[in-house]
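Heads up: the structure comes next, in structure tokens.
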Amino acid sequence: MTTPALLPLSGRRIPPLNLGPPSFPHHRATLRLSEKFILLLILSAFITLCFGAFFFLPDSSKHKRFDLGLEDVLIPHVDAGKGAKNPGVFLIHGPDEHRHREEEERLRNKIRADHEKALEEAKEKLKKSREEIQAEIQTEKNKVVQEMKTKEKKPVPAAPIPNLIGTHGGDPEDNDLREKREKIKEMMKHAWDNYRIYGWGHNELRPIARKGHSTNIFGSSQMGATIVDALDTLYIMGLHDEFRDGQKWIENNLDFSVNSEVSVFEVNIRFIGGLLAAYYLSGEEIFKIKAVQLAEKLLPAFNTPTGIPWAMVNLKSGVGRNWGWASAGSSILAEFGTLHMEFVHLSYLTGNPVYYKKVMHIRKLLQKMDRPNGLYPNYLNPRTGRWGQYHTSVGGLGDSFYEYLLKAWLMSDKTDHEARKMYDDAIEAIEKHLIRKSRGGLTFIGEWKNGHLEKKMGHLACFAGGMFVLGADGSRMDQAGHYLELGAEIARTCHESYDRTALKLGPESFKFDGAVEAVAVRQAEKYYILRPEVIETYWYLWRFTHDPRYREWGWEAALAIEKYCRVNGGFSGVKDVYSSTPMHDDVQQSFFLAETLKLETVRDS
């Protein structure tokens, strides 16, 4: 029997931690530059030092300094009078002016000294032959490579597991429920066995072509996304032989030192989340070790002027970038806002505060920003710290940011009041500006775009029904009943989006425009890719209300998936849920095993 508070909407089982701002031992990270000619470095330093006084000395008229408690951020100064009221703001005025001049003089003296030192070093280097310089470069490269190898082999500190979750309960007494559970387990076996035969080691499976599949979110390397993502489902279902096969592959083959550009968000939730879930279920140390190794590879993504991470990072070089389509180079709210749970657990398990600091810095920065109508836009530029396009959605681009605020509060044993306040504020703004009722009486969550409400709801937004229910306990002004009712209304709307199709599977998004309600209009929105969000909401509604309709709706979805998505080589998404003879997209998504089937089996527990 699982506990709702321990099962995030993403399907990961992670135990609650009583974590306020933790006190961790200090660690220092060093960054070295390799593969650069020493002579060019010195000449570059010479140029930088010459002009440093002009460009890098503080200018109090243009900037103010916010102390976030973790890392310092420079934000353009807007209102000195307003800023003066903030105790965290450092402004130059009155008695502080003399201290400011002394600081400038100290910096100038340091620049002069560094300048003279750089000139002397340059003179010495110019006396050396080309062969000597090349030898020094090679020595430096070898030193860096050796340090990287040593760092990767460094053992992860032992940390006590709060309580191994494992699995408990056994089979239900009801024969009908037992048979349904066995059917879901058989579906999982079908998906896993075919991946084992045709796609082993690849990120995902093409079940019709019967070969491996991958997308740009995982890069070009074979990282076994399906293996890592499915581990906790295998364990919960008691498929321990399959679980051990996955563990052996991870021990022997999972390598993050690859020249591959990956999505920070997707790799976090599927790989780090999957590894941590497997660790907490089984206690096997290898999963914790691999999670930490991967997290280290993601950290360079945070090296931006604001600390808001890039969407993509190369695991070998550490070079990051954002999606080309994301509002003038912005990072995406649902991506940089969906790191908190995994990163806090990493700090807990290793004693290294760097992970905790990275995600708390994001939170502190968001708290200080103005939000139009109290809504969080989906785009934030990591260079300027400014919002991109004013587009707010509880579906794609925004969804799991709100989920993680609530889960941060739950994971802290309800002591992270800051996260709870951010969640409550956000939900109040969402309900005021985005949630509407259609002419036919269906409650939906629209999308705010540049001052206009678009009456469209995505399949991804259907997770919110479960979120409202999960957050009902602890809501402001004792509104638990209101949020239970709101969650039930969202569940009914999303069920209608399924029920109004030929396949009884929901489209990617659906509209509420005039006579059209809960139906996809554009061909590009009619597909279903084995997503779990609607079933997640059914699961939470069942757990909190025990209304049998939610079990029935979940089983309807399972039968539809079995009938229309099952193929000989596994399970495939479909391109048009309104066609009685659907075409398959030939992709078995890793989250189908990690979330959709898991929720179907625990739905009956």
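A Cβ is built for glycine as well, from the same backbone N, Cα and C atoms used for every other residue.
Annotation comment: TrEMBL describes Glu266, Glu508 as active site, proton donor. According to TrEMBL, the feature active site maps to Asp399, Glu533. Marked as disulfide bond by TrEMBL: Cys462-Cys494. For 147-175, the entry in TrEMBL reads region 'Disordered'. Taken from TrEMBL, the feature transmembrane segment applies to 37-57.
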Distance, Glu266 (active site, proton donor) to Glu533 (active site) (CA atoms, angstrom): 16
Among Glu266, Cys462, Cys494, Glu508, which are recorded as recorded positions, the nearest neighbour of Asp399 (active site) by Cα: Cys462
Winner by Cβ contact number (other Cβ atoms within 10 Å) across the disulfide-bonded residues Cys462, Cys494: Cys462
Residues near Glu508 (active site, proton donor) in space but at least six apart in sequence (CB under 8 A): Gly458, His459, Ala520, Glu525, Lys526, Tyr527, Tyr528, Ile529
Cβ packing number for Asp399 (active site), 10 Å threshold: 25
Integer Cα-Cα distance in angstrom, Glu266 (active site, proton donor) to Cys462 (disulfide bond): 19
Neighbour-count leader, CB within 10 A, active-site residues: Glu266, Glu533: Glu533
